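For reference, the structure is listed below as structure tokens.
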Amino acid sequence: MEYLELNGTKEGLSAAVDDMWVLNATYLVFYMQAGFCMLEAGVVRAKNAKSIIMKSIIDTAIGSLLFWALGFGLAFGNADKASNPVIGTSHFFLINYQNLSFFAFQWAFCATSITIVSGSLAERVHVTSCLVYTIVMSAFIYPLSAHWVWSYNGWLRMIGFNGIIDFSGSIVVHIVGGCIGLVGTYLVGPRIGRFDSESGKPKPLPGHSITIYTLGAFIIWYGFYGFNTGSTLGISGGGIAIASRSAVTMTIIACASCATTLLAIKIKSGKYDVVKSVNSLLGGLVSSAAVCSLIDPWAAFIIGCVTSFVYLGCSHLLIKLRIDDPLDSSAIHLGCGIWGALSVGLFSTQENLSLVLKKSTNVYGLFFGGGFEQLGIQLLGIIIVMAWCFFCASILFTILKKFHLLRIEPTKELMGIDIDSAGGPAYQWDN
């Protein structure tokens, strides 16, 4: 933003406040990296805690540089012109780009999507594979998805009257990360000992610290208040009302999802399950990202309750298919992300949608009489983005597997990745 040109004017003050809002939201979104780091460290066994932290550092450091150099330009280059609807073609290395607060916010989103993948692949992949998928995701896969959905001239955004709507990234951030993680964990195979070799039944491989895991989840929840409210890109011109609604509905969705899971598991087994409840909470946050600004609080409660069963169903399906996802990242981010994106076409109200789009619209949620158009567009967008991610990830991880760069040797897996690749264990025990 060129503040010097607006200095001393009402527009200058408004622009400065809006950019400060976006920057503060960016700090919260970036703090989610600490949450994911703790979440992943807590769910793995102690012998792999240091390596999973190292992978989080790689995700952030390498991914950030690639997004600055290439990714942002591919995602948002020439976004203000009627140019290429498939890929951006300018602003690489931020050359001649002025709106740096927007770049910072989008960088934090990209970093979040990348870190989702490492949880799915935990405890059995080479550090090299983490480096490779981080480069490809930040420089190519994520940026094109973002361009199609979020760029002003992205082709999915231009379909129909409203275009696809993904307010804070259920599709662009979470479905992308969840899809790539699912492909990776399927191709790498389950951890040694996760399923019985004869019966195929799952065997528990509990993480070493439920305390760290839960702490990470609450840090992520805290960061989501920047993730969702910051997507207004300012508080002027009605932005504060949208942000307030987003914060409230997000909270209701997350809490309803968590509470439903708590009660459902208690009724079924007679006990509470901390991990499933925390995961359901995270699933609620993921579901809220697409729809939080477009719905009324009562609808948020319904969406949250349904999210619980979406998560539990997807988690159960992964086990049935013998897909070993240590963090249930695919169930949380892909499954709940799909539900959140579809909720836009079901529960968005005409008033809220018009406020967010800054134009009057007669296309809104099906349950409010807005017809099938928005739901159809949401479904199309989900299918397209998933197909893109599955295609790219399948090629990427197949190549890594062919050259023996995907999975570590069984002896090293049993010993723990920390000793082999991270310079020793995370915890030093006194003799």
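Each residue's number is its place along the chain shown, starting with 1.
Quick reminder: no glycine exception, Cβ is built from N, Cα and C everywhere.
The following features are taken from Swiss-Prot:
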type     : residues : note
TOPO_DOM : 1-19     : topological domain 'Extracellular'
TRANSMEM : 20-40    : transmembrane segment
TOPO_DOM : 41-56    : topological domain 'Cytoplasmic'
TRANSMEM : 57-77    : transmembrane segment
TOPO_DOM : 78-101   : topological domain 'Extracellular'
TRANSMEM : 102-122  : transmembrane segment
TOPO_DOM : 123-129  : topological domain 'Cytoplasmic'
TRANSMEM : 130-150  : transmembrane segment
TOPO_DOM : 151-162  : topological domain 'Extracellular'
TRANSMEM : 163-183  : transmembrane segment
TOPO_DOM : 184-206  : topological domain 'Cytoplasmic'
TRANSMEM : 207-227  : transmembrane segment
TOPO_DOM : 228-246  : topological domain 'Extracellular'
TRANSMEM : 247-267  : transmembrane segment
TOPO_DOM : 268-276  : topological domain 'Cytoplasmic'
TRANSMEM : 277-295  : transmembrane segment
TOPO_DOM : 296-300  : topological domain 'Extracellular'
TRANSMEM : 301-319  : transmembrane segment
TOPO_DOM : 320-326  : topological domain 'Cytoplasmic'
TRANSMEM : 327-347  : transmembrane segment
TOPO_DOM : 348-378  : topological domain 'Extracellular'
TRANSMEM : 379-399  : transmembrane segment
TOPO_DOM : 400-431  : topological domain 'Cytoplasmic'
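Only pairs six or more apart in sequence are counted, and the transmembrane segment (327-347) with the transmembrane segment (130-150) gives fewer than three Cβ pairs under 8 Å, not enough to call it a contact.
Spatially, the transmembrane segment (163-183) is not adjacent to the transmembrane segment (57-77); fewer than three Cβ-Cβ distances between them are under 8 Å for residues at least 6 apart in sequence. Nonlocal intrachain contacts for the topological domain 'Extracellular' (151-162), taken as residues 6+ away from its ends with a CB within less than 8 angstroms of a stretch CB, comprise 75-76, 78-86, 88, 353, 357, 361-363, 373-374, 376-377, 380-381, 384. Within its own chain, the topological domain 'Cytoplasmic' (41-56) is flanked in space by residues 33, 115, 118-119, 122-123, 127, 130, 205-216, 275, 326-327, 415-419, 421-427, which lie at least six positions past its ends and keep a Cβ under 8 Å from the stretch. Counting Cβ pairs under 8 Å to the transmembrane segment (57-77), the stretch among 20-40, 130-150, 207-227, 301-319 with the most such contacts is 130-150.
Between the transmembrane segment (207-227) and the stretches 20-40, 130-150, 301-319, it is 20-40 that has the most C-beta pairs under 8 angstroms. Summarising model confidence by region, the topological domain 'Cytoplasmic' (268-276) averages a pLDDT of 95. Remote same-chain partners of the topological domain 'Extracellular' (78-101), defined as residues 6 or more beyond its termini with a Cβ less than 8 Å from a stretch Cβ, comprise 1-2, 19, 22-23, 26, 68-70, 72, 143-144, 147-148, 151-155, 158.
Within its own chain, the topological domain 'Cytoplasmic' (123-129) is flanked in space by residues 44-45, 48, 51-52, 54-55, 58, 184, 188-189, 191-192, 326, 397, 400, 405-408, 413, 417, 421-422, which lie at least six positions past its ends and keep a Cβ under 8 Å from the stretch.
Secondary structure counts, DSSP: the topological domain 'Cytoplasmic' (268-276) has 5 helix, 0 strand, 4 coil. Using DSSP to sort the residues of the topological domain 'Cytoplasmic' (123-129) gives these counts of helix, strand and coil: 3 helix, 1 strand, 3 coil.
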